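> For reference, the structure I am asking about is given below.
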C-alpha cells in the first residue's frame, strides 16, 4: 500500500500556464516544510523560556548541554566512539538506535514514499520533502563564503569543509584523511575483519558491497570497461586505466 506524504497540498491556481502550474504544484507540496520548521523553532524557544531555571546536564568534554539526562548519555557515546547498534547486513554501526532503524530501511526494496514528479522513492518522509525541494528549485541553506546553496544541512556542512583546510576526518588506524565523514566511514570498513557480503557462486566474501558487485561481473563474464583504442576490456576501471598507460607510453615513443 502506497503511503502518501504528510505534506499539505493546496488548491491549484487556474490562471497559470502548464509549466507554471506544475511548478506551483510542487511549491504547494513543500509549503508545509518551511511552516513546520518555523513551528518547531517557536516550540523550542517557548520550551527554553519556560525551563530556563530547570537543571541542565552538561558534557564534561565539550559545550553540549541538555535538559534531559538520556540525551546526555547518548551524546557521551560520540566522545567514547562506542557504537552499540550494528547492522547485520553490512558493516554500518551507530550510537543511536533510531539511526540504525532508519539505516535498515535502506536494505528494503519497498519504498514507502514516492515522488509524484519522478521515479524517486524513499522510506523517510523528511527525505521526500527534501527531494521535492529539488523540483521546486528551493535552496534552504546557503554558504556565507560563496554562492553555494542546497536544501540539505548536511550537504552545507560538508561544503563548508572546502573552505577550511584544517577540518578533516582522520582514520585512527592509518594516515587516511577525508573532508567527508561518509568517506571515512567507508574507509574504516577496510580495517574491519567483518566480511558480510558473500558471493553465492563461490567462497568469495568482502566487506564492501561495491567490491562484491565487481566480483559478480567475473561470473557473468561481463566487461563494462572497454579500451577506445584496441579490443581490450575489463570489469575493473583501475585495470583499464593501467592498460591505457601502455597506449600513452607507446605514443610518446
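Glycine is treated like the rest: Cβ placed from N, Cα and C.
Feature table excerpt (TrEMBL):
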- 1-11: compositional bias 'Basic and acidic residues' (COMPBIAS)
- 1-21: region 'Disordered' (REGION)
- 57-84: domain 'C2H2-type' (DOMAIN)
- 85-112: domain 'C2H2-type' (DOMAIN)
- 141-168: domain 'C2H2-type' (DOMAIN)
- 169-196: domain 'C2H2-type' (DOMAIN)
- 197-224: domain 'C2H2-type' (DOMAIN)
- 225-252: domain 'C2H2-type' (DOMAIN)
> Pairs of Cβ atoms less than 8 Å apart decide it: which stretch in 141-168, 169-196, 197-224, 225-252 has the most with the domain 'C2H2-type' (85-112)?
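The stretch I would name here is 169-196.
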> Near the domain 'C2H2-type' (169-196), which residues from the same chain, at least 6 beyond its ends, have a CB less than 8 A from one of its CBs?
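Residues 88-92, 158, 161-162, 205-208 contact the domain 'C2H2-type' (169-196) from elsewhere in the chain.
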> List, by number or range, the same-chain residues at least 6 past the domain 'C2H2-type' (57-84) whose CB is under 8 A from its CB atoms?
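Same-chain residues near the domain 'C2H2-type' (57-84) but 6 or more away: 51, 93-96.
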